[in-house]
Every structure is written in structure tokens, then in C-alpha cells.
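Asks: Submitted below is the structure of interest, expressed as C-alpha cells.
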Amino acid sequence: MKQLLDFLPLIIFFAVYKFFDIYIASGALIAATALQLVVTYALYKKLEKMHLITFAMVTVFGTLTLVFHDDAFIKWKVTIIYALFALALGVSQLLNKSILKSMLGKEMKVADKIWAHVTWYWVSFFAICGLVNIYVAFRLPLETWVNFKVFGLTALTLINTVITVFYLYKHLPEDQRKELK
């Protein structure tokens, strides 16, 4: 259920874009992200920082897109969110307070060195996605960017998540690996 809620704004954005245009889709994205927060809080009685940051970015850049009738703002939102994620992960790792370890470390007991590898992998991933988004958003047609944002970035994120899980699994202690089989 939680994963469906995470994808709800993206699905609504894509569907509304296909039937209308980028401006109506941007307004729908703002509304869907707000709805996501309300439903998430109603079901789980808490909100993650990532959801709040995403909502703030969607609201700011979506509103700018609507007010100035310029799709560049909603396109930049993707890169800025990825840059913030990369920055947060990188700074936390430099301070020896891995965000990924704090999120997953209770379930996956691996060495700090492995958490550092995973963190820098995701920093690189987010940075590269942000840069590729700039290229696709401003060098290719709007339709291509929307498809890239919805399908390309989602697929890349899922693939990288699977790669990360396999990498972490490989470095789990033997007794914990047996528990997962």
C-alpha cells in the first residue's frame, strides 16, 4: 500500500498530462502529492522527511510553472530533488552518519564500509540522474521528458534498488542470510 501511495502522484501526473497538458498535469501533481501526504498520515500516523521535501518542491516548482506558464520550472524540480538527495546522502556519509544505514541498518547488519559504498553509489546515481534530466528536459521534446521522468527514472531507481539489495545481501553475515532464505 505504501509503495502505491509513493507512485500515486507520478501516475496522476502522467495520466493528466496525456489527456490535457503539462500545466494541468502540474496542478494535478500538486494536488496528488498533497493527497498522498494526507492519506499517508491517516494510515501510518507519521510522515517521512522525503515526502515533506518532495511536497515542498512539487508545490513551489509546480506553482511557478502555473504562475509563469513555463514548464522549465517543473522540469528543474526533478534535478533539484535529485541534487538534494545526493547532497543529503553525501554530507551524512562525510559526517559518518549514514542515512541509509540509519534507515536499513537494523534489518541488515553489514560493515560500515559497505554502508559507505552503498551511500556513495546512491550519491552518484542521484547526481547522474539529475544531470541526465537536465539534458532530456531541455534538449528533447516535452513528451520525451515526461516519458523519461515517469518511466525512465522510475525504472532506473528500481534497478538500482535491486542492485543495492543484492550487494547488501552478499555482505550480510551468514546467519542473517540463512534467515532470509
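The backbone N, Cα and C atoms fix where each Cβ goes, glycine too.
For 10-30, 50-70, 72-92, 118-138, 148-168, the entry in Swiss-Prot reads transmembrane segment, with the evidence type sequence analysis.
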Asks: Residue list, the transmembrane segment (50-70) vs rest of chain: Cβ under 8 Å, 6 or more residues beyond ends.
Replies: 9, 22-23, 26-27, 29-30, 33-34, 36-37, 40, 76-77, 80-81, 84-85
Asks: I need to check the long-range neighbours of the transmembrane segment (118-138): which residues 6 or more away from its ends have a CB within less than 8 Å of a CB in the stretch?
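Replies: Distal contacts: 72, 75-76, 78-80, 82-83, 85-86, 89-90, 92-93, 98-101, 144-145, 148-149, 152-153, 156, 160, 164, 167-168.
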